[in-house]
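Enquirer: This is the structure, below, for whatever I ask next.
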Amino acid sequence: MKYHSHIENLDEDGYTQLDFSTQDIHKRPRGSEKGSQAPSSPWRPIAVGLGILCFVVVVVAAVLGALGEYGHNSGRNPEEKDNFLSRNKENHKPTESSLDEKVAPSKASQTTGGFSQPCLPNWIMHGKSCYLFSFSGNSWYGSKRHCSQLGAHLLKIDNSKEFEFIESQTSSHRINAFWIGLSRNQSEGPWFWEDGSAFFPNSFQVRNTAPQESLLHNCVWIHGSEVYNQICNTSSYSICEKEL
């Protein structure tokens, strides 16, 4: 029998030197242990860059627009600014007539299509005249003066159709009376219109409201559908008329 010696590479003391060489050990690729990773997309950095570029462009455009608007406003000289402000105030400033006059809605404004073009604002057109129902209290003389300042006169009723129109307006304000352009110089004297023409009781009658001892009821107002004489210094509303 032959013995095969398996003792190799003995050192000086007789110990066997073990060879742990890793030449025969084959390591698996790292990718096989953890699994292969998908390569990253080459378009991702490009998309991110384009997004940042667009954002920068929008910001720059907004800043330039704001600077341009500021420069345009600051470039206007003081005189132009003052003129602009003054024109704006004039456009929004209410007129004297709009402050003094108040006009109630009426049937005539509905039947005639509102305030007609030939008449001024707050005036109502009927026939060949414009009428203003003034709701600022005044005496007969003060009302006459007020209508004259507007280029008109106190109401003069020429016929029954005109009286029906006026009655349709005043009937909706039965608690109020309106001065008209009819007066007389003395008690029991004849009535005259403001233009000096005589009054003829064809369309209406003037009812007497004065006691026997009073001599001051020398002016006329219309109250609802009735016409009365009254003291001229009494404060009341009025009706102005202007022919077209």
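Think of each number as a place in line: the chain as shown, counted from 1.
A Cβ is built for glycine as well, from the same backbone N, Cα and C atoms used for every other residue.
For reference, Swiss-Prot lists these features for the protein:
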{"type": "TOPO_DOM", "residues": "1-49", "note": "topological domain 'Cytoplasmic'"}
{"type": "MOTIF", "residues": "15-18", "note": "motif 'ITAM-like'"}
{"type": "COMPBIAS", "residues": "24-33", "note": "compositional bias 'Basic and acidic residues'"}
{"type": "COMPBIAS", "residues": "77-104", "note": "compositional bias 'Basic and acidic residues'"}
{"type": "DOMAIN", "residues": "126-241", "note": "domain 'C-type lectin'"}
{"type": "BINDING", "residues": "Arg145, His146, Cys147, Ser148, Gln149, Leu150, Gly151, Ala152, Glu194", "note": "(1,3-beta-D-glucosyl)n binding site"}
{"type": "BINDING", "residues": "Lys156, Asp158, Glu162, Glu241", "note": "divalent metal cation binding site"}
{"type": "CARBOHYD", "residues": "Asn185", "note": "N-linked glycosylation site"}
{"type": "CARBOHYD", "residues": "Asn233", "note": "N-linked glycosylation site"}
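For the listed features, I'd like the structural context: burial, neighbours, distances.
Expert: A C-beta separation below 8 Å, combined with a sequence spacing of at least six in one chain, links Gln149 ((1,3-beta-D-glucosyl)n binding site) to none of the other residues.
In the three-state DSSP scheme, Glu241 (divalent metal cation binding site) is classed as strand. Counting every protein chain shown, the Cβ of Glu241 (divalent metal cation binding site) has 23 other Cβ atoms within 10 Å.
The DSSP secondary structure for Asn185 (N-linked glycosylation site) is coil.
Asn233 (N-linked glycosylation site) carries neither a helix nor a strand DSSP state and counts as coil. Within the same chain, residues at least 6 positions away in sequence whose Cβ sits under 8 Å from that of Asn233 (N-linked glycosylation site) are Ser139, Trp140, Tyr141, Leu216.
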Enquirer: Say we define neighbours as other CB atoms within 10 Å of the CB. Which of the binding-site residues Arg145, Lys156 has the fewest?
Expert: Arg145
Enquirer: To the nearest whole angstrom, what is the C-alpha distance linking Lys156 (divalent metal cation binding site) and Glu194 ((1,3-beta-D-glucosyl)n binding site)?
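Expert: Each residue's Cα considered, Lys156 (divalent metal cation binding site) and Glu194 ((1,3-beta-D-glucosyl)n binding site) end up 8 Å apart.
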Enquirer: Any idea which of the binding-site residues Asp158, Glu162, Glu194 has the thinnest Cβ neighbourhood at 10 Å?
Expert: Asp158
Enquirer: Other than Arg145, His146, Cys147, Ser148, Gln149, Leu150, Gly151, Ala152, Glu194 themselves, what residues in this chain have Cβ atoms within 8 Å of the centroid of the (1,3-beta-D-glucosyl)n site's Cβ atoms?
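Expert: Everything else in range on the chain: Lys144, His153, Leu154, Cys240.
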